[in-house]
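Q: To start, I am sharing the structure in question, which I have written as structure tokens.
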Amino acid sequence: MNKTRRIALYIYLVLAGIGLQFELGDMAEKDVTLEAGRDLVLNLAVLAAFFLPFYFLIKKLAKKLSVEMIVLATALFGGAFISGWLSFAGNSLIDIINSNFIKDPAVFNDWTNALTAPFAEEFFKSLTAFAALYILGRKDIQSVLIAGLSSGFGFQVIEDIGYVSRVTFGGQYSGSLEAVGRIAGGLASHTLYTAVVTVGVYLLFSTAYKKYRLFGLWCVVSTVANHFIWNSPFFETEHRINIVVGFLFAFLVATFIEVYRLVLKEKKTDLEI
């Protein structure tokens, strides 16, 4: 590891240290009753039942693509403790800017999540994945995919833990219900968002994959649009059957499948060469 990468690693760890305090410090300082603590353990167990299979699936993909575990671990750690608080800061900054243009409080509240998260979160999650790749000296598209998956997964894990803990300590309603709700939306959420966007950005700027630049642009734009609609009032409905959710889910998963097929194709080409 050269000097520049060592400096990048140091900055990465500094940012992660800030994130550790930001994400977990407040939780540790709460005055928690025995009952609330027990409920939190139960609710986190519900999340773990979903997260663990997802983690092992990413690990299996990494092995299939011949990507070292250090890529998965570094990007996952950064996704959990770097991209989260940076996204929070980015969301807050965009909110301040938007408040100067959107004067109606009702309209602002309805659209604030759609106008912030898709841009700040996708930017910082992908940036974290690329930072991990730079530190480790990895440039192959297989590592890019695994880094994107891992960064998004780390972000999703820490975000869901935060949501569930706040609901559990708030006592407004069951944290278990919140955990189940997070799982329902988690099958096609940050993990796949970041994987698709990261590979898309890589295809846009890589000289070795010029022929895929249009597809790379599609990956970035379609995923940000998907996230935008998911967070917008268009997503909300009073009916249990939500057609929008079905389309968003299918659209994202289908795009990820195409990304994965491309990565497999390029890996096979590299082996033949």
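Placed from the backbone N, Cα and C atoms, the Cβ positions cover glycine too.
Curation does not apply to TrEMBL; its annotations are automatic.
What TrEMBL lists as transmembrane segment is 7-28, 40-58, 70-94, 183-205, 212-229, 241-263.
For the listed features, I'd like the structural context: burial, neighbours, distances.
A: Outside the transmembrane segment (7-28), and at least 6 residues removed from its termini, the chain residues within Cβ reach (under 8 Å) are 1, 77-78, 80-82, 84-86, 88, 131-132, 134-135, 158, 161-162, 165.
For the transmembrane segment (212-229), the residues of the chain that approach it from at least six positions outside its boundaries are 114-115, 117-119, 121-122, 193, 196-197, 199-204, 235, 244, 248, 251-252, 255, 258-259, 262, judged by C-beta separation under 8 angstroms.
Remote same-chain partners of the transmembrane segment (241-263), defined as residues 6 or more beyond its termini with a Cβ less than 8 Å from a stretch Cβ, comprise 65, 141-142, 145, 187-188, 192-193, 195-196, 199-200, 212, 215, 218-219, 222-223, 226, 229-230, 234-235.
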